[in-house]
Every structure is written in structure tokens, then in C-alpha cells.
Number of protein chains: 2
Amino acid sequence: MSQPESAVPKKKVLFRGRSNAAVANSNAEGEDSPEFEPFGPMPRGLPPLAEYLDIREVNMVNDINKKEHHTSLFSNALLIVRRAQEFQIRVTFNRAYEPAKDQFLLEFVIGSSPQMSKGTYIPVFPDPEKTRAWRGRVLDSMDNMVTVGITPAPDCIVGRFRTYVAVITPFGIRRTRRDSKRDVYVLFNPWASDDAVFLKEEEERGEYVLEESGILYHGEASDISARPWNFGQFEYGVLDACLYVMDRAQMPIVNRGDPIKVARKASAAVNSRDDDGVLVGNWSGDYSFGVAPTSWTSSVEILVTYASSRQPVNYGQCWVYAAVFNTFLRCLGIPARVVTNFYSAHDNDGNLKTDIILDEAGKVDRGRTKDSIWNYHCWNECYMTRPDLPQGFGGWQVVDATPQETSDGLYRCGPASVQAIKHGQICFPFDAPFIYAEVNSDVVFYKRDQSGNVVPVKVNSTHVGRKVLTKAIGRDQYDDITSQYKFAEGTEEERTVLQKAEEYGMGRTKVNYPETDVQVEILAQEVSVGDNFKLALEFKNLSGEQRTVNAFVNGYVVYYTGVTSDEVKSKTLTVTLDPWQTERVSVDVQADDYMSRLVEQCNLHFIVTGRVEQDSQIVSAMRVITLHVPELVVKVIGEPRVSELTLVSVEFTNPFQFSLDNVYLRMDGPGLMSPKIKHFSLISPKASEIWSDSFTPRRAGPTKLMVTLDCAALRQVYSQVVVNVKP
Amino acid sequence: MSQPESAVPKKKVLFRGRSNAAVANSNAEGEDSPEFEPFGPMPRGLPPLAEYLDIREVNMVNDINKKEHHTSLFSNALLIVRRAQEFQIRVTFNRAYEPAKDQFLLEFVIGSSPQMSKGTYIPVFPDPEKTRAWRGRVLDSMDNMVTVGITPAPDCIVGRFRTYVAVITPFGIRRTRRDSKRDVYVLFNPWASDDAVFLKEEEERGEYVLEESGILYHGEASDISARPWNFGQFEYGVLDACLYVMDRAQMPIVNRGDPIKVARKASAAVNSRDDDGVLVGNWSGDYSFGVAPTSWTSSVEILVTYASSRQPVNYGQCWVYAAVFNTFLRCLGIPARVVTNFYSAHDNDGNLKTDIILDEAGKVDRGRTKDSIWNYHCWNECYMTRPDLPQGFGGWQVVDATPQETSDGLYRCGPASVQAIKHGQICFPFDAPFIYAEVNSDVVFYKRDQSGNVVPVKVNSTHVGRKVLTKAIGRDQYDDITSQYKFAEGTEEERTVLQKAEEYGMGRTKVNYPETDVQVEILAQEVSVGDNFKLALEFKNLSGEQRTVNAFVNGYVVYYTGVTSDEVKSKTLTVTLDPWQTERVSVDVQADDYMSRLVEQCNLHFIVTGRVEQDSQIVSAMRVITLHVPELVVKVIGEPRVSELTLVSVEFTNPFQFSLDNVYLRMDGPGLMSPKIKHFSLISPKASEIWSDSFTPRRAGPTKLMVTLDCAALRQVYSQVVVNVKP
């Protein structure tokens, strides 16, 4: 029983007395099973094996299996099946199989140190009466060929299994030599009612599992932009990259059948913090050592680069994290979608307040205001049962791979039940209070008086979590799913939920301020980058008396994270309102004010705060104006056909008075091409450039071709065209 | 509003657009507040401040405050108070304070970027009507001296605050210059009914907050050893080290008032994994680069070394983690105790099974058995309300700082409500399923048949979590608290809890094996290391027929983690039992069999497995025999008095035939000394050594002097004597 010292791996030396075996946490590793395993001491010479079955051929029946298991779309030569659903393997022997006399079995093995009790070694006998975890039966037996039907357990491990066929003889077990071409990927199965990720409607599975192109919503709640994305979960190399993500994160193999654990682990592993995961976050504006987050078109390039370079990929921001995570989930068979929350409270670790400090005059004190509200934030939802929670909290679960500074101290988030968040039942794992705060925080305005004393003067409880959107099923439009996160404002249910959440420690700020009878609003409008425009304010006097408002209008360039860069506008207004009067006031904003100061995604944040002379009441309003960027004109020439060269052109005109340097264009499309990149070192003011290129579609059917343009002075420029590839 | 580029700290460059300000996460950092803060543009020349109050002296009234706040035991010159309880500060002005005319306030500030709304800047006016978070009032005003009573909020941040006294003038605020001698530590308050860590009974607070020496239980469930430990939470440097632990783990200051978050963070920060926390784990037997886990006597040396070296300390195992964590919690004022769970299931990520694989003959297959059960495992409980959970789950909470391989993928654990674990309500955070499994796992025996098929043949559901112990209040004995973790075996409640846990996904193995009518037990016995002894087995035939048992007896040297080292005994027995007969059989074990193979803590693990000839039923039994180590004889000479030199001697005799090399002795005692170390390079066979030394007690009262001896061949040798120091 003594083990030689050298058998102990060096790096594990601190754990010699700690555990019997290292936890198997790599799908890529694992020993080949021996071709002959004797039962006891062998007689001299070769055993008389001739009379026993001999295996001539093993056929994985790829075409039928992949069609029935909804895995035909994968660009992958190996068999891919889904659990809880029968697939077939055809074995040819040297002679006819005689059940009364012959004994054979199929073995599926994953990772190192396989054990039956851990579900990492799975013997399947062609006999339903010998069913252990996976069921086996003879579907057909003809001449020397036996077709075996195999049904993986509905909770079995997901990943790449090694397949063996073994024959039992009185002397030992003879098995086929390892052949990686016989490996089989087993995935989650949203089509099987006893799988934890079962989804009832075929059209839902079509969108949330099989759809490769998607839309990421961003911009502002009343001025929404829709960016196309190639999830590409079936593209060549993506499935292996997804398994590598789990291997790299050292996720124990035994946990990989549980969609809760897989989603939670991946929420950590899609970002590079803590664990050298897929994407490095960067919000600095300087992307010289990688690709700008706005430049990507597809998860494919990111995942495949990660798996081949074995290094985190530069760079991501929230929608990139969400898009890559979505690919990961759909690829493994967990139904998933990207959602966008407009005005998302952040960095406050489940605190339900975002603080804005006003100075004595009522103007925002930028130096003292530290919190920020993201204009939008993207995360994912994935669909699964939650046996770890009381009934009623299955269904869509929030997961978020964007590294947030203080979510329970770690860079991962979820899964948290959307139902639980809606009902304020935030006592259940994982990270529900944090997500609840992202959609429900109050914006609290404080006034700082002379003695440094800070008192809350106004609470806006509707600004945060204004709108939650996701792409609709089968259409390029959004579904407003805000009502899945919260009850309608002012309803009885809403009050009950707030109370419930408060019981769980989500304290709210109570402010006793006089009812306001003067209101101000910044009106929504669409503005293109480079335009001069008039910011429209509407003041309303709801009282029967005259009111005079002294207001400050301030405009700032902001990152989409709500972090403020330069001030571009500052104006003081005095507006006198007659009883019950509504008055519109406009403030001129010149392109010159902001053009040289723009950062990243061209957002201007306007805040109006003011005080009513007659009674000192505070009025305030905020709005982000998203500056629309110029368009790309994408043209596909002719009718694309499978395996035929197709021409495409992309045209872009620089609308500005200044030149654009170091411009990258990217083109991509599921089933159409691998990502293509085009670089222009300079596009002169008002100049047009055309990029002509070609591609060869790989499969028939409708798909999308997407193009992005990105340079330091101009980001989030993109376009897409629907392409219907003929066979 | 534009910020110069150089104002952006270099290391944060990736987050420039990410957040307005870095999250304050260091108590050690923070800017001094200015001595004069003008309200607006100042008139030329010095302002006429003479007529306003001028501060001459600030007295922190240490003696009274510390006595009333139960912090007198701290070896720390600064003021230490507990929240939700009034303390006083005495301010001397240049003239008498006139409330109608003069305005002054006290300010308490913690960390960088202090904000009132975050509780990091706290103004306190000497006027209950101006109460914000903390209440202030004038307790006494006499001549030029005002005594202010200050009551910190019951949920305020815990840590070291900077204190200022500020006078408000029409021109601005004048405040005292920063003086670190006026810093005040604010701690949790188990004496205050509105603090989340309130504990009702004075004797409980005496043990779980104020008691500095403790006992760590180890060994085997029926042969328990009690190791003394100096928690030393009041020793010089320990409080600052505990704050450093949170700073080093980058715990946001705003979270440091919540005992749930503090305990959770510390469960990660007490081990070095992930975050360069306090202690490096080492179970290898090779401790050449540090101190052997068995050698420590005290948390003080570990914490103070960590804080001064700013490097993780070598080395810890579970009881060291638990002891240091206990010091941390008691030091900050969170009631805490160390508990020991005998036969603790591990490394199975909330799986409720520990698998033991038997070969065809019924003998344990060591090569295929990967799981291990720790002979014992130490963790902590801390006492607090749980507002984040439904009612009824407050009270004792499990936290565990030992880095376990797969607790939700991260090296931290808890707090998990002990009540929730007892009732199977494992759906609530944090990590309840993992702890539930540690006390409730089944041991499943599998038999592996010829074709490699593995079937469960026997389940032992009572082996794991046999006993949970903690030191009793005010006595050096243990309290058996097993019933706080589980209902009695066989009760209706027990069955309900198992069902409940099963609903939450903690599946159990159901085995249909015939009722056994033959039982075997390994009888408990006390053995000293170096003894020859007879292992006593008891076979019982509960049937009316004759039974013949073919049994294998195997003995292994094991680490306390259950990991098996060498086999030391292997014997085959055949026992024939008449109807209803009980038969005792003994197996000789010679010192020579095991002495040269012992590892670490001298445990021998015996397993008996066998099969009954008549009906093939499987019988099995397991027991760990802890080998008792020789004693240290510690003598304190004379009657120790405060500040007087006292002599002490430690005597040890090597009972073995071989010499002991590189022997370290350590001596320690709360209030008596800093740890002393003595090294013997060799103690010859049968030789005695005496270590004579001296110490000077620092305070009066009963305390303990503890000594350990440690070398590679002999660990867990210790002794303690009660010392009553006269004033």
C-alpha cells in the first residue's frame, strides 16, 4: 500500500496529507482505459479469447443522432447528443451477437480518476434490466451488427466523454483501443422534460438555444439603440472553447451536470478577474494593447482566441461579457438570453441608494458625488429549475459576468431567480440583493449645509431600472420585460415587495420633504453626433400661486457607466411660472461645446436642479442624451449560395470636420465567414471609404451579416443585413 | 470640472471610465481633515476668529469609557468603545461654552473619501435634537470644560475612527489638528440589545467575548483530547492586526458594520488562498519553511507576525484556522467559539455520500477509494441576528476558514445558520448545504464485481458527524452540542429533516440490502504511542442460526484528514458464531508494526469488512485509534505577582528507543508573556530535558500558562497549568 515518494505530484506537496486524490477538474485530461483488464492472475500464454466476441467496427451514427438531438448546426465532426434522450451506436462484431452467451457493454468515461459513483465512469449494458445511471437496449441486431440505444441520465455530467466498447470474458475485460473520433459530447437538453433546463415551447428553444445571431440593446431608455451580435455557439472550435473555460476555471467534473453550478462558475470564468477567465475588462478609453470593446462583432473570435492562446482576451465591457456568456450557455444547451437594464445602479454592494450631493445653492457637487448610475447594463438570464430553493423560483435566473467591484467581494454573480427578485424574496442564493438593488435603487439628493451637515432632500425612486429589454422571440425587436422584474409602480404589490425587501435589510431612505408643486422635465430627443441642438426643458407649476424657479442646467460628457468626464454646458436660468402654467425653455448646445471632449460612446448627461424662490422646494431632473453615430452602408451583391463566392461592400462617410485615425472595420456572420478585419489608417473629413470583400457561405437558410466600425474618436458604429443563403 | 490626467492613479487606469472613485477599503488609509474649511471667499487678512470658541484640550476619558465598554483588557493605549452605548469625551475651551451663541461638534471619520451618507463621516452635535446617525448630548459643563456623551449608532461601521472637534464660525469651520492619540476604535457590542451581535447572558459574554484562553478538542469521538490555546484577543497589536486583515482583503469600509459580511469576509481572509490571507495551509508533514501547525500555542504570534511582515504565515491546519478566526471575531466583539465535529465529511462539495469501494472478496480497495473522512474538523460559530433571512435563523452561525477544496469553488465558508442546518433548511445563504453534508453524509460501501460494475451494498448513516463539541462556559470541559446540529437518530423530526434536505437536492443513496443479523464492532481503547496492544473486535450473531464470518482486518496510518498513509496491519479471520452468540476476538498490534511509519498526529485507522458464508451478507466496522503522546510536566515556582519575575520549568522525557531531532518547545499565556520558544537539536532515547525560564505577569487574576512540544516524529504534545496572578 506504500506509495513511492515520486508518485506524489510536486505542485500538490502541501496537500499530501490533505486528500487521497486531486479533484478531477479537467475534461481535457484523463487516462486511456486499458485494452485488457484481467480479473485475476492469468494462465501462462495467451488466453483462449478467440471464442469470445471481437469488435470490428464502432459507428457513432452521427447523421441520425445529430438531427434528433438538435445538434446538426455544430461545426464539429464528432457525435454531439443531449442527455435524457436516446441516441444510438452501431457495433459490428466478428460474428453474430448471442445475448444468452455473449456479454458486452459500452463505457463512457470523463476526466481523470473516473468513478462510477461520481458519474465519471458509466457502464451501459445493452439490457434495460441492467440499467444503472444510463439506460441501454438493443435496438436492432442483424448479421454481425448490433445497434444499441443509449439514454444518458437526465442529470448526467455535461462534457466530452471517451467511448469504449468492452467484451466480458471469463479471464477479463477486452475493450476497444481509445479513438478520439469516437468521443461523444453530452449536452444539456431543453427538449427533455426531465432535464433541469427543459423549456416547453419549440419557438422558445429556437430562439434561446438554437439562434446564433442576436441583438444587444443599449443607449438610453427613451432612445434605444440595437446592436447586432454573432453569438456563433455552433461555430468551429466554440464547443471545445466552452469546455476549456470550465477546465481553466478548475471546475470539478462532478459538478458539471448541474446547470446552477455551471452558470455560477461561468459567471466568474467569463471575466479574467480572480481566475484568468476569458475577457479582460477595460473602461479606460485606451485599448492599444487589444481590441476595443465596441469593435467586436462576435463571441466566436473571443472564445476561440482564449482557448488557443490560453490567455485572457483584451478587452470587454458589459455587453461583451454578456454576449460571450450567452454563447457559452447556448452552446452547452442552457437556454439563455441577454437583457439590458436601463439606468442600472452599480458599485453599491446591495445598498439601495445612489447618492447625489447638492451644494447650498442646489447645484450638483461633483467633487462629493461618488456614486454613478450606468446608463445601461447588460447581463444574462438562463432558464432552469431551482431544486436548491423552495418551489416557485425556477425559470429565468439572472447571471452576470461583468466584474463588479463589490458583489459579495467576488467577481461573479448569480444565478438569482427573477421571480424572487420581483417578489422581494432576496434571501435566496445567489446574489439576489445585489441584482435587486440594480433595478430598484433610489436616487437620493442630499443637500450639504454650512456646517458640513448633509441631509436628504429628495428621493427619486423611479429613475433606476427604468426599463429591462431583451430581443423578442423570432423577431428583430425588443420585448419589454420590466414587469418580470418589478410590479407596476404605485400598485399594492409593489408596496408589499418593498416592505419584504426592507425586512431583509434593504433599508430605504425616508425623507420628509414638502410636496413639490413645481416639476421640471428634460424632454427626450434624438441628436446626431456633431449636431448643434436645443435641449428642451419643461417646467410645470401645479399650484394656484406664482412660482419662480432658479435653476442650474449642467451638461457633462459621461461614460456609459455614468462616470462623468468633462463639463460641456453650464447655464443658470430663472423661470417665472403663473398659477397652473407649463413653460418650455430651451438651452442651446453647440457641437463645439462637446465634440472635442467626447469619450467612448457619445453620451451627454444633463442635470437640472433648482430651488423655488417662494418656498425653497427643490426641483430636479436628469436625462442622458445619446448622440447618434453615422451609419455604415452594407450591400451584399447578388444571391448568396452555399459554397459559392459572394461579394459584399461596406461604405462609410466621415461626417466630421476632423479626420478619423486608425479605424478598424470588422465583418462577421454565423454560417457565412470567420471574422474579417479591415484597417484604415486615416479617413479624411467628409471623405467616404468603401471596403469590398467576399465570403463563401457554409450553409443554407436565413442568417445575418454584421459590420462594425471603431476608432478612438467614434465608437458603436455598426450595421447588419439579413442574408438568405440558397442551397 | 476637468481633471488633469495626472490626478488619475496609475494602477486604476483600466477603470478610468468605470467608477467615480475607488471604493474605500482600507482603514489604515485616509486624508486628514483640514484645520480650517472656509464657507466662501475669505476677506483679506486673518478673519476675526478670536471671539469664537477655541479648543485647548480634548480628553478621551479612557479609564471610565473602557471600564463601561468592557474594553479594559485590551493592551492598547487608545480609546476603545462599543457601538450603541454612550461614551464621553471632555473638551476644554478657552472660555465657557455658551449653547445659545457657540456651535461646536465632534467629527468621527474613517477611511478615505469619507461621506456622511456612507457612515464614514459622522458629525455629532452636543444636542439630541440634532441627532443624525450618532446621538450627542452635553453631560456636564463646568468652567471651560464640556463633557459630551456620544452614542454610536447600533449598526455603525466597526474600526478605527479619526476624531476631530470642530467649531463653526460665520466664516468657516475650525477644527483640531489630527492627532492619532485621539483615534477611537468602535467595536461590536454584545452587551447592547439593539446591536446585531447582542448576547443575553453575562456569563455567555464572559466566555464568548472576553475569555482569552480556550480549548480545542481533537482526537477521536470516543477518546477525546483537549488542547489549550491562547486566543489572546486583547494582547498588544492584535486589534490592529485584525483591522489589517480586513484592509488586506480589501473589504469595503461601508460593509464593516455588518457582522454577516465581516464574518464572511474573514472566513476567506484567515486563509491565504485567493487573497494572501493570514495562514498558509500545509498538510504535507514537511514544515521546514515555517512553524508546524501542531507547534503553535497562540493566535497572537500568528496575527502579529502577519500584520508586521505583511506576508501569509506558515503553517496552519484546521484547528489553527479556527483558533485564529476565533481571536479575530472575539477581538472585534462578535461572540464566537471553536467547535469540533468528529468524523467530518469533506471535499465532496455538498454531496451527501462518502464512498468506500470493496473488492470482490469484501476487502477495501484502497486504489479506488478516493473520498476521505476527517477524524475531526474544527470550525467556528459566531452569534448574530440574520436580517437577510426569514425569522428564526439568527443565533449561532457556522463559519469556517479552513480552505476546503470545493466549497462553491472558493476558499471561504458561511455564515450558515445552525438552526437552518438542523432543520434541513439549506436553501439559505451561505454554504449551508456544504456544512449540512459535513455532519450528515452517509458512508456508502460499494462492491465492485467482475465486469467493473459497482453496486452499493451497505450504508452507514451514523458514522459522520458523530459528535460536535465546544468548550463549556466558564469550565475547562466540553459541551456536547451535537443536538444543536441534528435531531436524535430515529426520531420523527430526523426523518422530516432528511426529507426536507432531499427536496433541496441533497440526494441520498437508497440501498436494498438484506437486513443484517451479524454485527461487528471495533471496541474503543486508550493506547499510548509506542505500546504493543490488542485490538478488540466484538462479533454478534443476532440470528437463531449458526453464522461463519470471513473477515479482513486492516490497519492504516492516517492523517487526521482521513488520508491514508502506510498499511501497518493486515489479518484474515474466520469467526464462527453460534445462534445468538457474542464473541470477542483480539488482534495483536506491535509497536514495531507502526512506529516507523507514523505520520503527524499518530492515528491508526482500522477497518473490518467481511462476508457471512451462509448468506453473503456484508459486515463492516471502522474505528480510529488515537495514540496518546507523552506528557510535558510544567511547574510554576512560587506565587506569581503582577510585574514580578516568576520562574517556570518544563520537563519532558523521551519515552522512545530512538532520539528526537530538532525539537521545538513553545510557552505562552494570556497576560503572562509573549510566546517563548526553546529549541533542542536532539533528545536522546529515554533522556529527560528540562527547560527553565521566567516571565513577568502583566495583570492580576486567573489565567493559563500553555506549553507545546513539536518535532517531526512527535506532534500534539502539550500541557497547561492554571496560574492565579496576585496583584
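Each Cβ is built from the backbone N, Cα and C atoms, and glycine gets one as well.
TrEMBL assigns the feature region 'Disordered' to one of the listed ranges (B:22-41, B:362-381, B:482-501), namely B:22-41. When the domain 'Transglutaminase-like' (B:310-403) is classified with DSSP, helix, strand and coil residues number 15 helix, 38 strand, 41 coil. Secondary structure of the region 'Disordered' (B:22-41), assigned with DSSP and counted as helix (H, G, I), strand (E, B) and coil, comes to 0 helix, 3 strand, 17 coil. With respect to Cβ neighbours within 10 Å, the recorded positions B:D400, B:D442, B:E489, B:E494 differ, and B:E489 shows the lowest count. The Cα atom of B:C318 (active site) lies nearest to that of B:H377, taking the recorded positions B:H377, B:D400, B:D442, B:E489, B:E494 as the candidates. When Cβ-Cβ distances below 8 Å are used as the criterion, the region 'Disordered' (B:22-41) is approached by residues 9, 12, 15, 107, 109-114, 118, 120, 159-160, 162, 164, 170-178, 243-244, 246-247, 250-254, 256 of the same chain, each at least six residues removed from its ends. With a 10 A radius on its CB, B:H377 (active site) counts 28 other CB atoms from all the protein chains.
It is 14 Å from the Cα atom of B:H377 (active site) to that of B:N440 (Ca(2+) binding site).
Between the candidate recorded positions, B:C318, B:N440, the densest Cβ environment within 10 Å is the one around B:C318. Straight-line distance linking the Cα atoms of B:D442 (Ca(2+) binding site) and B:D400 (active site), rounded to a whole number, equals 22 Å.
Following the DSSP three-state reduction, the secondary structure of B:D442 (Ca(2+) binding site) is strand. Under the three-state DSSP scheme, B:E489 (Ca(2+) binding site) falls in the coil class.
Each residue contributes its Cα atom, and for B:E494 (Ca(2+) binding site) and B:D400 (active site) these two points are 25 Å apart.
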